[in-house]
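Residues or ranges marked as signal peptide by Swiss-Prot: 1-18. What Swiss-Prot records for ASN69, ASN114, ASN166 is N-linked glycosylation site, and it gives sequence analysis as the kind of evidence. Under the heading disulfide bond, Swiss-Prot lists CYS136-CYS201, CYS179-CYS229, CYS189-CYS231.
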Amino acid sequence: MSMLFYTLITAFLIGIQAEPHSESNVPAGHTIPQAHWTKLQHSLDTALRRARSTPAAAIAARVAGQTCNITVDPRLFKKRRLRSPRVLFSTQPPPEAADTQDLDFEVGGAAPFNRTHRSKRSSSHPIFHRGEFSVCDSVSVWVGDKTTATDIKGKEVMVLGEVNINNSVFKQYFFETKCRDPNPVDSGCRGIDSKHWNSYCTTTHTFVKALTMDGKQAAWRFIRIDTACVCVLSRKAVRRA
């Protein structure tokens, strides 16, 4: 709303400077035609109508989108060293069902740019044979609202949420895995002899290549994301008589 206000003020000031205050200030043969004032008035009326009809929130969102609209060359995604099975650029959210968690899916006829050959990922507890259990319960989800992350140098960087590729807006998704519960059972990890061991489940991390902001330009960086849930063991102190 403030940008439209400044535009109206600028146009108004230009009109004041051009308006003749008296006949003596206007050189002979250089009078401003009436059509100029009519056109200026029409432009001001149109701008006022748009300002009244457009919500302030919509204007702010549009301006923010223009400042964050980063165009990326699609040839960047053809470099094998920049591909990661845990990073995906897509126009729509990836499927969440366990039986459709395919990284090679296509949305709206356009395949993701950084598609890989890894077939499926389960978004819930992995499937085991009868009688087999996992020592820790994990949950895996596609994260599409990541704004900041820690890079490989330990610095906090800004992650690009959306990029413009071939005039289409692609969102950057990260496939993250974390522990569902640090203690799946009362004693800690499942199946651990609590008489001799202390145990608990913890989320581990790895670094993946992602598009981040470097000043006013997009840049590839290694950022840390959650990738696994493991059991940590420590031997209990032996009590001697």
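Just so it is clear, glycine is given a Cβ too, placed from its N, Cα and C backbone atoms.
Spatial neighbours are here defined as Cα atoms within 10 angstroms of one another, and by that definition the neighbours of CYS179 (disulfide bond) among the recorded positions CYS136, ASN166, CYS189 are CYS136. Among the disulfide-bonded residues CYS136, CYS201, CYS229, the ones whose Cα sits within 10 Å of the Cα of CYS189 (disulfide bond) are CYS136, CYS201. Considering only the recorded positions ASN166, CYS229, CYS231, the residue whose Cα is spatially closest to the Cα of CYS201 (disulfide bond) is CYS231. Neighbour counts were taken at the CB atom with a 10 A radius for the disulfide-bonded residues CYS136, CYS231; the maximum falls on CYS136. Of the recorded residues, ASN166 (N-linked glycosylation site) and CYS231 (disulfide bond) place their C-alpha atoms 44 Å from one another.
Remark: CYS229 (disulfide bond) has CYS136, ASP137, SER138, THR177, LYS178, CYS179, ARG180, CYS201, THR202, THR203, THR204 as non-local neighbours, by Cβ distance under 8 Å and separation of at least 6 in sequence.
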